[in-house]
Amino acid sequence: MCGILAVLGCSDDSQAKRVRVLELSRRLKHRGPDWSGLYHHGDFYLAHQRLAIVDPASGDQPLFNEDRKIVVTVNGEIYNHEQLRRHLPNHKFRTGTNCEVIAHLYEEYGEEFVDMLDGMFSFVLLDTRNNHFIASRDAVGITSLYIGWGLDGSVWISSELKGLNDDCEHFETFPPGHLYSSKEGALRRWYNPTWFSEAIPSTPYDPLVLRRAFENSVIKRLMTDVPFGVLLSGGLDSSLVASITARHLAGTKAAKLWGTQLHSFCVGLKGSPDLKAAKEVADYLGTVHHEFYFTVQDGIDAIEDVIYHIETYDVTTIRASTPMFLMSRKIKSLGVKMVMSGEGSDEVFGGYLYFHKAPNKEEFHRETCRKIKALHQYDCLRANKATSAWGLEARVPFLDKEFINVAMSIDPEWKLIKPEEGRIEKWVLRKAFDDEENPYLPKHILYRQKEQFSDGVGYSWIDGLKAHAEQHVTDKMMLNATHIYPHNTPTTKEAYYYRMIFERFFPQNPARMTVPGGPSVACSTAKAIEWDASWSNNLDPSGRAALGVHLSAYDQKLPSAGNLGPNIIDVVPRIVSVPGVAIRS
Amino acid sequence: MCGILAVFGCVDNSQAKRSRIIELSRRLRHRGPDWSGLHCYQDCYLAHQRLAIVDPASGDQPLYNENKTVVVTVNGEIYNHKDLRQKLTSHEFRTGSDCEVIAHLYEDYGEEFVDMLDGMFSFVLLDTRDKSFIAARDAIGITPLYMGWGLDGSVWFASEMKALSDDCERFMSFPPGHIYSSKQGGLRRWYNPPWFSEHIPSTPYDPLVVREAFEKAVVKRLMTDVPFGVLLSGGLDSSLVAAVASRHLAESEAACQWGSQLHTFCIGLKGSPDLKAAREVADYLGTRHHEFYFTVQEGIDALEEVIYHIETYDVTTIRASTPMFLMSRKIKSLGVKMVISGEGSDEIFGGYLYFHKAPNKEEFHEETCRKIKALHLYDCLRANKSTSAWGVEARVPFLDKGFINIAMSIDPEWKMIRRDIGRIEKWVLRNAFDDDQNPYLPKHILYRQKEQFSDGVGYSWIDGLKDHANLHVTDAMLSHAGFIYPENTPTTKEAYYYRTIFEKFFPKNSARSTVPGGPSVACSTAKAVEWDAAWSKNLDPSGRAALGVHASAYEEAAEANNASVINGPPQKQRGGVVEKTATVA
């Protein structure tokens, strides 16, 4: 990843302003430790902090078209840049970087080129001929981006909140799949796939089509000039990513430079379920596997830093970000700059446990659509910022535009969880990679039931966080929570604890508005809570919270409505459930 | 390098204090991006940010003795750790880290072990059995260390000022070669070599002894488990380091892992003298040479960050640090974590141009002693902090304890610059490596005259800095300098400009007292200004400033008034410097 910051039309071209922009850009240095650049034209500033993944030698930014009239600062990867270059035969390229096409595409197609880009990106482009500018963010919001407005009439664009929150009167999350054009002075959505309307699709499920789409999406992400690896938790999604990567690594340019053996990484408390599961997969695939351990104390000590980097007070996101943040530091210290990760599969296929209770295929499908649209506030934000904190780039093949199109056009009847027919969560994905002759994964891994990320690192992680918050947030503090935090009021001590830290770093009102809130049960949207009347009484953000769908939950009656979240967690027995089997029985 | 922070006896051992220490320790994270650790024992905190060079897998700090009663946090490299381990046969080591010996040595020898360490280091050791602690810094101060006192009775130690300046009532540079012991309640010098008294030595010069001592110093610095390289400016010192390192690389452990071809790095404005000279040496030695270019604008944009990292307002240090700072970022982005550099040679051998005017060998020798003692405020500070800013470690073989002893025991008559018999600066060093059979360097490089570092990166660098300062510092501002900055009053606009930046980051009295001042001409000490009556009227910190010793300066003597000194010699003359330099050799 890189870090971008643009200040556009600030009516101030003094040295003091330049120094200020440089200073703000440095707040994004963790995203791009390799080099920085600042382009300054009148009262327009485009700053860049670079993580060099493709063309480390010459790709320093900002980037330009031939006559340097068009300047662009980009955070991202354009996987189809070589094809796009071929569409631009009369253009001369200065660098080997994949992002340079953006400047040339703009020359050729004006503002209408964004949908031609295949990849993850956030960029700001300035046309110095008329001081017109555009900013845009990728379809799903894999890369982070914020937009703000200054009292002096300036427009600000930044990869992270911390790049603009102190200098803007108002700011918000830049909506994914959108384009801001200074001509219109407004945002418009450029991403218009069929699934976006939430109409129920009817294409019958074809396992091979799905398999091919996903393989393609992994292969195009092997484009790199630096060492890379795979985040492997041992769950279905990361295991599939690892399996396909290992299979296709040999033919890539990366393999010629860095060897054909794949590196895989896993983090956990010592003895955690993830470590065990990932080791098993790594052994099967023959990857060079790296295990990292952290203690609950290590995690708690990192919380402030995590919240500063992740820029959220969402409880599940912070819980899951912390191990990922710690692991990223270790990965980076090994010299690895890029990792592939499994985010997005649960949203696309309805992998969360609460999907068991989807009343019908229509509800199921619409919930997956809502989940994908919200990804940029949850798992995309986590995956991007937890890794970028240490100059590590995360690529997410499940969020490939093409792959989403294929996966979201399947008749959702196929995605419904039907224990009686042996279909557990994400069955369509599992089935697609169930190849007897040339197995991607052993059957028991392929059909293993989901372990939520924060649980998988070790059950005592979440308990440790709660115990810590319990110690430092008093009942009295909780009593006043609604007055102190009227917006998205924290309802648990843990949430209150995170919120205090967030407010210290980002005290402005718009900052707290960038974080989603509302009722949720085990990562559901507010809408899906209607699926089960008992849920609204048991709102807890954890995936381990009993939903009445996990083996252990069947064994034990749900506590009465009066019980609060922590109790629910505590009554669940600490066993790694045997997936699938339980639901069938 | 790593970053250390320790606080003893702070009364408060709350969670808030722990968070605060973690926050302060994070200010040193650039020094040790790979991992961090915190050991808390009652009201004592030892924090560490690690750059993993030796034993990346298990050497996380703080480190302990066998029963964990002795805790130590170290920034540094102990080159003789294997020999020391052999002396500690009854001890059991937990890690492969070279710094672990410190805990065990303390157990066996008490506070008297520091002189047994061969290397560069700053450490803080806590003995939990009686809650006593010691802190020590290497002989010359290659690694930085600061010490401070809190109003609550606490004692603080930190690798950089920024970690303690906000929380201490008073603080200072920890003197090199010293140890602080809580039992004895004060600082005392542990480093007592014969040269320290500044007596004039009488050992006759033996070129082979000097050569062997330096080769040893380089070879022991090849101890590494990560990729490394050499900073090569093409001058005598860095070229010798590169020549010796590439000669011995093949037989080192590092070569087995990273290949036997040495990487060398050089930075400059495009077309600069250093780039040309370094390229020539690299070609001769057959190294894998990397050239980095920067523009004057990039350098100026980096100034704030440089001053924040380097923690000085000394003009020559800032000028020379900026290119080194920029280069370190590029080096790190290539995956290189350690570099060997040529600092210290000019001090030991009297390599600065003003040494031409040393009236006699006694004065010459005493000045070299003074220069070595002040290194920690100038070149050591620059080399350490500009590389550590990006998590790169700099090793300086010229400052090897054994080598200094040998070089400083030579009768200074041999070091005197005597044109009449063909002895230019550093002749004893040049002659030591003048091997006709198996040449280390071609003769014309071996006998090339010094190009000061800030000049070598390109003459327009310093001119650009001056122009920039002239633009942003008015005459009125400078005329009030004596009132605003009564201590070390800036006398030029450039100095004023740097000072305002420094004061912004480090506003306390204690901070400005850590920076040396006083009259100086071309890096001389105040004492040596007495060597030439004309100098005291022409105080300018640049090495290029006319001293009447460089060929070009003789010609332009008539123009040697204040204005021309500050603005630098005219363009035409600069070409002359390069050409004339060659003829001197």
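Placement of Cβ uses the backbone N, Cα and C atoms for every residue, glycine included.
Among the candidates A:Val267, A:Val306, A:Val315, the residue that TrEMBL names alongside A:Leu231, A:Ser341, A:Gly342 for the ATP site is A:Val267. Residues near A:Leu231 (ATP binding site) in space but far in sequence (CB under 8 A, at least 6 apart, same chain), listed by position: A:Ser238, A:Ser264, A:Phe265, A:Cys266, A:Met324, A:Met327, A:Val339, A:Met340, A:Ser341, A:Gly342, A:Ala394. Apart from the site residues A:Leu231, A:Val267, A:Ser341, A:Gly342, the chain places the Cβ of A:Val230, A:Leu232, A:Ser233, A:Ser238, A:Phe265, A:Cys266, A:Met324, A:Met327, A:Val339, A:Ala383, A:Ala394 no farther than 8 Å from the centroid of the site's Cβ atoms, the recorded ATP location.
If you average pLDDT over the domain 'Glutamine amidotransferase type-2' (A:2-185) in this model, you get 95.
Around the Cβ of A:Glu343 (site 'Important for beta-aspartyl-AMP intermediate formation'), 26 further Cβ atoms fall within 10 Å across all displayed protein chains. The Cβ of A:Gly342 (ATP binding site) has 24 other Cβ atoms within 10 Å, all protein chains considered. Residues A:Leu231, A:Val267, A:Ser341, A:Gly342 are the ones the record ties to ATP, and the longest Cα gap between any two of them is 15 Å.
The secondary structure of A:Leu231 (ATP binding site), as reduced to three states from DSSP, is extended strand.
A:Val267 (ATP binding site) and A:Glu343 (site 'Important for beta-aspartyl-AMP intermediate formation') have their C-alpha atoms 16 Å apart, to the nearest angstrom. Counting every protein chain shown, the Cβ of A:Ser341 (ATP binding site) has 26 other Cβ atoms within 10 Å.
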